[in-house]
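What follows is a single structure, written as structure tokens, with notes after it.
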Amino acid sequence: MNGFTRWMEQHFLPVAAKIGSQRHLVAIRDAFIGIMPITMVGSVAVLLNVFFRDLPTEWGATSFVETMSPLIAINGNVWFGSIAIIAFVFVFSLGYNIAKSYEVNPLAGGVVAFSSLIATLPQTADFSYALPGVSIDNLGALTDLGLKAQIVGENLNLDVSGWGFIGLNYAGAAGLFTALIIGLLTSMIYVKLMLKGIIIKLPDSVPSAVNKAFAAIIPGIVAVYVAATLGYLSVTYLGFSINDLILEYIQKPLLGLSQGLFSVILVTFLVQVFWFFGLHGHNVLAPIMDGVYLPALISNTEAYQAAKSTADLPYLWTRGSFDAYAQMGGSGITLALIIAIFIFSKRKDSRTIAKLGAPMGVFNINEPVVFGMPIVLNPFYIIPWLIIPPITATIAYLLTAIGVIPPTFVVVPWVMPVGIHAYLSTGGSLLAGLVSVFNLFVAFVIWSPFVLLANRVKKVDADEEVA
């Protein structure tokens with residue numbers, strides 16, 4: 001075991017550390033963190049409408065729903081101003097964080113990234129209106145007037161095109177990958193030109209804010225024009241917008257791969273591996289957990305908002321599923337370890353750490369346990385540490401796949417206690433909350449033998465360890 005640990009430290013850790021500190025990946029991680037207020041407020045609105053509208057409707061409490069209709073409408077407006085435009089908010093956050101990491105004007109970086117994304121979007125929309133009372137015999141007359149009309153079933157429909165429209169699907173979860181790619185590309189164009197000094201320079205007497213704004217003009221022009229040109233070429237020669245291409249050939253395949261049980265187990269396992277070596281597993285894997293599984297969560301939110309039902313949510317496993325079923329009490333489900341220590345441990349040091357970590361462990365903060373026991377680089381605890389989250393994730397995944405519990409579709413703060421997180425993130429599913437508690441029990445069963453075994457292991461004096 002010591003040889004394996006040394007090999008991992010020599011060959012695996014340096015690579016993991018570089019990945020975790022890579023400038024662009026850190027910017028992506030921070031960009032997702034930056035939009036957390038928006039995802040939270042939108043999810044709160046969806047969750048409130050679950051209790052104000054959806055559940056009461058199922059229970060036949062229509063009078064209550066009518067009474068709450070003003071709040072239901074307000075919650076709809078909140079959703080429209082948050083999750084419905086999440087891609088637009090994210091691309092600004094990404095541009096800001098990339099520019100900040102290179103120490104150039106971050107506000108201009110965010111504005112340039114946002115403008116570049118808008119420049120790639122289709123600007124026209126097609127509408128088809130049924131013409132009630134108009135005979136299909138009038139098709140020729142409408143066509144002679146230069147109007148676009150067609151027969152749909154037994155009705156005559158008028159087709160109209162308009163300019164100045166932005167499809168809401170480009171602003172939401174379906175546009176996140178496009179926002180990520182366009183944001184990275186145009187932000188780096190802006191940054192590189194700024195660093196090369198290809199800017200408008202004003203005298204030192206000019207106020208700093210004005211100087212910064214003018215300095216960003218040339219890099220901003222180049223970046224936005226590059227994005228707009230790519231958008232034009234894509235529509236003209238490929239027949240699809242950039243967003244449609246990325247959605248069809250990148251985002252959907254990646255999300256599809258992420259939904260397999262093997263992918264879920266692998267990501268859960270790697271989080272534990274990174275943590276075992278003292279690296280923040282969630283931060284290292286943030287481009288995957290947030291870049292892939294968060295769009296799945298937002299897509300589920302949008303699907304629920306449209307259908308008012310969990311029956312046809314598109315994704316089984318989302319970013320919230322990890323927190324709800326595989327990270328209760330923190331990585332490794334150490335809340336179960338704390339409970340096992342309180343029940344079985346006779347070691348004073350372990351019980352002291354458990355007492356210190358218990359209050360925070362309830363809210364999924366487990367650094368006192370991870371570094372105090374310690375779990376990090378401790379071969380004694382490596383087996384339960386690595387296997388518990390994949391096991392509990394598998395249980396929840398299978399129960400979701402067969403329809404016992406619904407997929408998560410509400411963004412919930414990761415500090416929510418065990419059971420409550422799953423209950424809220426699934427829109428009030430009691431079974432989901434019970435599955436989360438059951439997973440805690442499974443973790444307790446696996447941790448307990450190792451706690452009992454630790455009673456029989458003589459604690460080495462700190463001075464002897466140093467020697």
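A Cβ is built for glycine as well, from the same backbone N, Cα and C atoms used for every other residue.
The domain 'PTS EIIC type-3' annotation in TrEMBL covers 8-450.
Look at TrEMBL and you will find 31-52 (among others) tagged as transmembrane segment.
TrEMBL lists 72-95 (among others) with the feature transmembrane segment. Using a Cβ-Cβ cut-off under 8 Å and counting only residues 6 or more beyond its ends in the same chain, the transmembrane segment (72-95) has close neighbours at 27-28, 30-32, 34-35, 38-39, 41-46, 48-49, 52-53, 65, 109-114, 116-118, 168, 170-176, 178-180, 182-184, 186-187, 190, 298, 301-302, 305.
Look at TrEMBL and you will find 107-125 (among others) tagged as transmembrane segment.
Sequence annotations record features per position, and here TrEMBL assigns transmembrane segment to 170-193 (among others). Residues 24, 28, 31, 83-88, 90-91, 94-95, 98-99, 102, 104, 108-109, 112-113, 116-117, 120-122, 199, 216, 218-220, 222-224, 226-227, 241-243, 246-247, 250-251, 254, 291, 294-296, 298-299, 301-302 of the same chain sit 6 or more residues outside the transmembrane segment (170-193) yet have a Cβ under 8 Å from a Cβ within it.
As annotated by TrEMBL, transmembrane segment applies to 214-240 (among others). Beyond the transmembrane segment (214-240), the same-chain residues lying 6 or more positions past its ends with a Cβ under 8 Å from any Cβ of the stretch are 105, 108-109, 111-113, 115-117, 119-122, 182, 185-187, 189-194, 198-202, 206, 248.
Same-chain residues lying 6 or more positions outside the transmembrane segment (260-277) and placing a CB less than 8 Å from one of its CB atoms are 8-9, 12-13, 16, 20, 284-285, 288-289, 293, 317, 321-322, 326, 331-332, 370, 375-377, 382, 385-386, 389-390, 393-394, 397-398. Annotation comment: TrEMBL describes 260-277 (among others) as transmembrane segment.
The transmembrane segment annotation in TrEMBL covers 324-344 (among others).
Sequence annotations record features per position, and here TrEMBL assigns transmembrane segment to 365-388 (among others).
The annotation transmembrane segment is assigned in TrEMBL to 394-416 (among others).
Through the fold, the transmembrane segment (428-450) approaches residues 50-51, 55, 310, 324-326, 328-329, 333, 335-337, 339-340, 343-344, 380-381, 383-384, 387-388, 391-392, 395-396, 399, 404-406, 408, 418-422 of its own chain, all at least 6 residues removed from its boundaries and within a Cβ separation under 8 Å. According to TrEMBL, the feature transmembrane segment maps to 428-450 (among others).
In this chain, the transmembrane segment (365-388) does not touch the transmembrane segment (31-52); fewer than three CB pairs sit within less than 8 A of each other, excluding pairs fewer than 6 residues apart. Long-range contacts of the transmembrane segment (394-416) within the same chain: residues 39-40, 42-43, 46-47, 50, 261, 264-265, 297, 300-301, 303-304, 310, 313, 315-321, 323-327, 363-365, 422, 424-427, 429, 431-432, 435-436, 438-439, 442, each at least 6 residues beyond the stretch ends and with a Cβ under 8 Å from a Cβ of the stretch.
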